[in-house]
Amino acid sequence: MDRIIEKLESGWWIVSHEQKLWLPYGELPHGLAANFDLVGQRALRIGEWQGEPVWLVLQHRRHDMGSVRQVIDQDAGLFQLAGRGVQLAEFYRSHKFCGYCGHPMHPSKTEWAMLCSHCRDRYYPQIAPCIIVAIRREDSILLARHVRHRNGVHTVLAGFVEVGETLEQAVAREVMEESGIKVKNLRYVTSQPWPFPQSLMTAFMAEYDSGEIVIDPKELLEANWYRYDDLPLLPPPGTVARRLIEDTVAMCRAEYD
(Lines of atoms letter the chains of each structure in order from A and count residues from 1; the text may use other names and numbers.)
(Lines give C-alpha, C1' and ligand atoms only; values in the text may rest on other atoms or scores of the structure.)
Protein backbone atom coordinates (compact mmCIF):
# COMPACT_ATOMS: atom_id res chain seq x y z
CA MET A 1 0.00 0.00 0.00
CA ASP A 2 2.91 2.38 0.53
CA ARG A 3 5.03 4.00 -2.16
CA ILE A 4 8.06 6.23 -2.57
CA ILE A 5 7.10 9.89 -2.92
CA GLU A 6 8.17 11.43 -6.21
CA LYS A 7 9.08 15.05 -6.93
CA LEU A 8 5.79 16.00 -8.59
CA GLU A 9 3.57 14.15 -6.08
CA SER A 10 0.96 16.48 -4.64
CA GLY A 11 -1.86 16.44 -2.12
CA TRP A 12 -2.45 16.75 1.62
CA TRP A 13 0.38 15.48 3.86
CA ILE A 14 -0.21 13.88 7.25
CA VAL A 15 3.32 13.71 8.69
CA SER A 16 2.96 11.99 12.06
CA HIS A 17 5.03 10.51 14.88
CA GLU A 18 4.04 9.50 18.43
CA GLN A 19 0.50 10.87 18.08
CA LYS A 20 1.74 14.24 16.86
CA LEU A 21 1.24 16.03 13.54
CA TRP A 22 3.63 18.19 11.57
CA LEU A 23 1.86 21.55 11.25
CA PRO A 24 4.09 24.12 9.53
CA TYR A 25 2.50 27.56 9.93
CA GLY A 26 -0.12 25.88 12.10
CA GLU A 27 -1.74 24.11 9.13
CA LEU A 28 -1.71 20.72 7.44
CA PRO A 29 0.85 20.71 4.59
CA HIS A 30 -0.84 20.95 1.21
CA GLY A 31 0.80 21.02 -2.20
CA LEU A 32 3.85 19.54 -3.89
CA ALA A 33 5.99 17.05 -1.97
CA ALA A 34 9.12 18.94 -3.01
CA ASN A 35 7.89 22.02 -1.14
CA PHE A 36 7.93 20.10 2.13
CA ASP A 37 11.13 18.06 1.70
CA LEU A 38 9.15 14.83 1.35
CA VAL A 39 10.60 13.50 -1.92
CA GLY A 40 12.02 10.00 -1.44
CA GLN A 41 10.02 9.29 1.74
CA ARG A 42 7.60 6.37 1.96
CA ALA A 43 3.93 7.30 2.09
CA LEU A 44 0.55 5.61 2.46
CA ARG A 45 -2.50 6.95 0.67
CA ILE A 46 -5.20 7.05 3.36
CA GLY A 47 -7.98 8.92 1.61
CA GLU A 48 -8.98 11.82 -0.59
CA TRP A 49 -9.97 15.39 0.18
CA GLN A 50 -11.39 17.90 -2.29
CA GLY A 51 -10.31 15.70 -5.20
CA GLU A 52 -6.70 15.38 -4.01
CA PRO A 53 -4.97 12.44 -2.29
CA VAL A 54 -4.23 12.46 1.43
CA TRP A 55 -0.86 10.89 2.26
CA LEU A 56 0.45 9.53 5.55
CA VAL A 57 4.19 9.84 6.18
CA LEU A 58 5.64 8.20 9.31
CA GLN A 59 8.26 10.76 10.23
CA HIS A 60 9.30 13.05 13.09
CA ARG A 61 10.13 16.67 12.34
CA ARG A 62 12.24 18.69 14.75
CA HIS A 63 9.93 21.69 14.61
CA ASP A 64 6.20 22.41 14.35
CA MET A 65 4.99 19.05 15.69
CA GLY A 66 1.58 19.55 17.33
CA SER A 67 -1.67 17.91 18.32
CA VAL A 68 -4.42 16.97 15.91
CA ARG A 69 -6.63 19.14 18.15
CA GLN A 70 -5.08 22.13 16.39
CA VAL A 71 -6.98 21.29 13.19
CA ILE A 72 -10.33 20.56 14.83
CA ASP A 73 -11.74 23.87 13.56
CA GLN A 74 -11.11 22.87 9.94
CA ASP A 75 -13.67 21.00 7.87
CA ALA A 76 -14.95 17.86 9.60
CA GLY A 77 -13.83 15.64 6.71
CA LEU A 78 -10.25 16.90 6.80
CA PHE A 79 -10.10 16.65 10.60
CA GLN A 80 -11.33 13.07 10.33
CA LEU A 81 -8.59 12.20 7.82
CA ALA A 82 -5.95 13.84 10.01
CA GLY A 83 -7.19 11.77 12.93
CA ARG A 84 -7.06 8.62 10.82
CA GLY A 85 -3.46 9.38 9.91
CA VAL A 86 -2.37 9.96 13.50
CA GLN A 87 -4.05 6.75 14.67
CA LEU A 88 -2.58 4.66 11.85
CA ALA A 89 0.89 6.08 12.44
CA GLU A 90 0.71 5.15 16.12
CA PHE A 91 -0.70 1.72 15.25
CA TYR A 92 2.22 0.92 12.92
CA ARG A 93 4.76 2.28 15.43
CA SER A 94 3.40 0.22 18.33
CA HIS A 95 2.88 -3.07 16.45
CA LYS A 96 6.33 -3.84 15.10
CA PHE A 97 6.43 -7.19 16.89
CA CYS A 98 3.82 -9.91 17.35
CA GLY A 99 2.23 -9.98 20.80
CA TYR A 100 1.91 -13.78 20.67
CA CYS A 101 5.23 -15.05 19.35
CA GLY A 102 7.44 -11.93 19.43
CA HIS A 103 8.50 -12.07 15.77
CA PRO A 104 8.64 -8.97 13.55
CA MET A 105 5.45 -7.89 11.82
CA HIS A 106 4.79 -6.24 8.47
CA PRO A 107 1.90 -4.13 7.10
CA SER A 108 -0.84 -5.79 5.10
CA LYS A 109 -1.03 -4.78 1.44
CA THR A 110 -4.83 -4.97 1.32
CA GLU A 111 -6.13 -3.47 4.59
CA TRP A 112 -5.14 -1.46 7.66
CA ALA A 113 -3.55 -4.36 9.54
CA MET A 114 -0.20 -5.75 10.70
CA LEU A 115 0.68 -9.36 9.91
CA CYS A 116 3.02 -11.85 11.55
CA SER A 117 4.76 -14.03 8.98
CA HIS A 118 5.72 -16.54 11.70
CA CYS A 119 2.44 -17.41 13.45
CA ARG A 120 0.22 -15.65 10.88
CA ASP A 121 -1.63 -13.66 13.50
CA ARG A 122 -3.27 -10.43 12.33
CA TYR A 123 -3.67 -7.16 14.24
CA TYR A 124 -6.02 -4.26 13.52
CA PRO A 125 -6.02 -0.69 14.87
CA GLN A 126 -7.70 -0.54 18.26
CA ILE A 127 -10.90 1.50 18.42
CA ALA A 128 -12.42 2.31 21.82
CA PRO A 129 -16.20 2.91 21.69
CA CYS A 130 -17.49 5.73 23.89
CA ILE A 131 -20.89 7.20 24.60
CA ILE A 132 -21.62 10.91 24.92
CA VAL A 133 -25.05 12.17 25.93
CA ALA A 134 -26.94 15.45 26.22
CA ILE A 135 -29.54 15.29 29.00
CA ARG A 136 -32.50 17.67 28.93
CA ARG A 137 -34.77 18.64 31.81
CA GLU A 138 -37.58 20.87 30.52
CA ASP A 139 -35.80 24.09 29.41
CA SER A 140 -32.38 23.14 30.79
CA ILE A 141 -29.43 20.93 29.88
CA LEU A 142 -27.04 19.11 32.20
CA LEU A 143 -23.48 20.39 31.75
CA ALA A 144 -20.38 19.49 33.73
CA ARG A 145 -16.78 20.56 34.21
CA HIS A 146 -14.49 17.55 33.99
CA VAL A 147 -11.40 17.05 36.10
CA ARG A 148 -9.30 16.81 32.94
CA HIS A 149 -10.71 20.11 31.58
CA ARG A 150 -9.22 22.90 33.67
CA ASN A 151 -10.01 25.62 31.13
CA GLY A 152 -13.52 26.31 32.36
CA VAL A 153 -15.27 24.43 29.55
CA HIS A 154 -18.61 22.87 30.46
CA THR A 155 -19.73 19.89 28.42
CA VAL A 156 -22.07 16.91 28.34
CA LEU A 157 -21.36 13.58 30.02
CA ALA A 158 -19.32 10.88 28.29
CA GLY A 159 -17.48 7.66 29.01
CA PHE A 160 -16.09 4.41 27.64
CA VAL A 161 -18.24 1.39 26.87
CA GLU A 162 -17.29 -1.58 29.03
CA VAL A 163 -16.81 -5.18 27.91
CA GLY A 164 -20.11 -6.99 27.34
CA GLU A 165 -22.13 -3.78 27.57
CA THR A 166 -24.57 -2.25 25.08
CA LEU A 167 -24.39 1.43 24.18
CA GLU A 168 -27.69 2.02 25.96
CA GLN A 169 -26.43 0.34 29.12
CA ALA A 170 -23.25 2.40 28.95
CA VAL A 171 -25.26 5.63 28.84
CA ALA A 172 -27.33 4.67 31.88
CA ARG A 173 -24.27 3.54 33.85
CA GLU A 174 -22.04 6.51 33.02
CA VAL A 175 -24.77 9.05 33.78
CA MET A 176 -25.52 7.39 37.12
CA GLU A 177 -21.85 7.05 38.07
CA GLU A 178 -20.91 10.62 37.19
CA SER A 179 -24.05 12.56 38.15
CA GLY A 180 -26.32 10.31 40.22
CA ILE A 181 -29.39 10.74 38.01
CA LYS A 182 -31.47 8.44 35.82
CA VAL A 183 -32.43 9.17 32.21
CA LYS A 184 -35.18 8.05 29.84
CA ASN A 185 -36.20 8.28 26.18
CA LEU A 186 -32.69 7.73 24.88
CA ARG A 187 -32.22 8.64 21.20
CA TYR A 188 -29.18 8.06 18.98
CA VAL A 189 -27.99 11.19 17.15
CA THR A 190 -24.66 10.67 15.37
CA SER A 191 -21.08 9.45 15.76
CA GLN A 192 -17.62 10.96 15.47
CA PRO A 193 -14.15 9.38 15.23
CA TRP A 194 -12.16 10.97 18.05
CA PRO A 195 -8.39 10.36 17.88
CA PHE A 196 -7.58 11.09 21.54
CA PRO A 197 -6.16 8.57 21.38
CA GLN A 198 -8.44 6.16 19.42
CA SER A 199 -12.08 6.60 20.36
CA LEU A 200 -15.32 6.40 18.44
CA MET A 201 -17.88 8.71 20.03
CA THR A 202 -21.51 7.56 19.78
CA ALA A 203 -23.76 10.51 20.55
CA PHE A 204 -27.18 10.39 22.21
CA MET A 205 -29.87 12.70 23.55
CA ALA A 206 -31.90 11.77 26.62
CA GLU A 207 -34.47 13.20 28.99
CA TYR A 208 -34.12 13.52 32.76
CA ASP A 209 -36.05 10.84 34.64
CA SER A 210 -35.25 11.05 38.36
CA GLY A 211 -32.65 11.74 41.02
CA GLU A 212 -30.58 14.64 42.33
CA ILE A 213 -27.13 15.58 41.05
CA VAL A 214 -24.38 13.90 43.06
CA ILE A 215 -21.08 14.15 41.20
CA ASP A 216 -18.21 11.69 41.14
CA PRO A 217 -15.30 13.89 42.31
CA LYS A 218 -12.82 11.64 40.53
CA GLU A 219 -14.46 12.55 37.21
CA LEU A 220 -16.18 15.92 37.66
CA LEU A 221 -15.46 19.25 39.31
CA GLU A 222 -19.10 20.30 39.11
CA ALA A 223 -22.36 19.59 37.28
CA ASN A 224 -25.49 21.71 37.04
CA TRP A 225 -28.64 22.34 35.04
CA TYR A 226 -28.28 25.34 32.72
CA ARG A 227 -31.18 27.10 31.01
CA TYR A 228 -30.79 26.97 27.23
CA ASP A 229 -30.34 30.76 26.92
CA ASP A 230 -27.84 31.12 29.77
CA LEU A 231 -25.01 28.68 29.06
CA PRO A 232 -21.41 28.69 30.34
CA LEU A 233 -18.26 28.28 28.22
CA LEU A 234 -18.87 25.41 25.77
CA PRO A 235 -16.70 22.97 23.75
CA PRO A 236 -15.48 24.32 20.41
CA PRO A 237 -17.40 23.94 17.14
CA GLY A 238 -16.52 20.75 15.32
CA THR A 239 -16.89 18.55 18.39
CA VAL A 240 -19.80 16.18 18.76
CA ALA A 241 -20.35 17.59 22.26
CA ARG A 242 -21.02 21.03 20.77
CA ARG A 243 -23.38 19.47 18.22
CA LEU A 244 -25.39 17.81 21.00
CA ILE A 245 -25.61 21.02 23.01
CA GLU A 246 -26.70 23.06 19.99
CA ASP A 247 -29.33 20.47 19.05
CA THR A 248 -30.70 20.55 22.60
CA VAL A 249 -30.79 24.35 22.60
CA ALA A 250 -32.68 24.31 19.30
CA MET A 251 -35.29 21.95 20.76
CA CYS A 252 -35.70 24.16 23.83
CA ARG A 253 -36.06 27.31 21.73
CA ALA A 254 -38.77 25.67 19.66
CA GLU A 255 -40.78 24.99 22.84
CA TYR A 256 -40.01 27.94 25.12
CA ASP A 257 -39.27 30.97 22.92
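Backbone N, Cα and C define each Cβ position, glycine as well.
What Swiss-Prot lists as divalent metal cation 1 binding site is Ala158, Glu178, Glu219. Swiss-Prot lists Glu174, Glu178, Glu219 with the feature divalent metal cation 3 binding site, giving sequence analysis as the kind of evidence. Look at Swiss-Prot and you will find 125-248 tagged as domain 'Nudix hydrolase', backed by sequence analysis. Look at Swiss-Prot and you will find 159-180 tagged as motif 'Nudix box'.
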Neighbourhood of Glu219 (divalent metal cation 1 binding site), C-beta criterion under 8 angstroms, separation at least six: His146, Val147, Glu177, Glu178
Residue pair Glu174 (divalent metal cation 3 binding site), Ala158 (divalent metal cation 1 binding site) - Cα distance, angstrom, rounded: 7
Rounded mean pLDDT for the residues that make up the domain 'Nudix hydrolase' (125-248): 96
DSSP three-state assignment for Ala158 (divalent metal cation 1 binding site): strand
Cβ neighbour count (within 10 Å, all chains shown) around Glu174 (divalent metal cation 3 binding site): 22
Residue distribution over DSSP helix, strand and coil in the domain 'Nudix hydrolase' (125-248): 22 helix, 55 strand, 47 coil
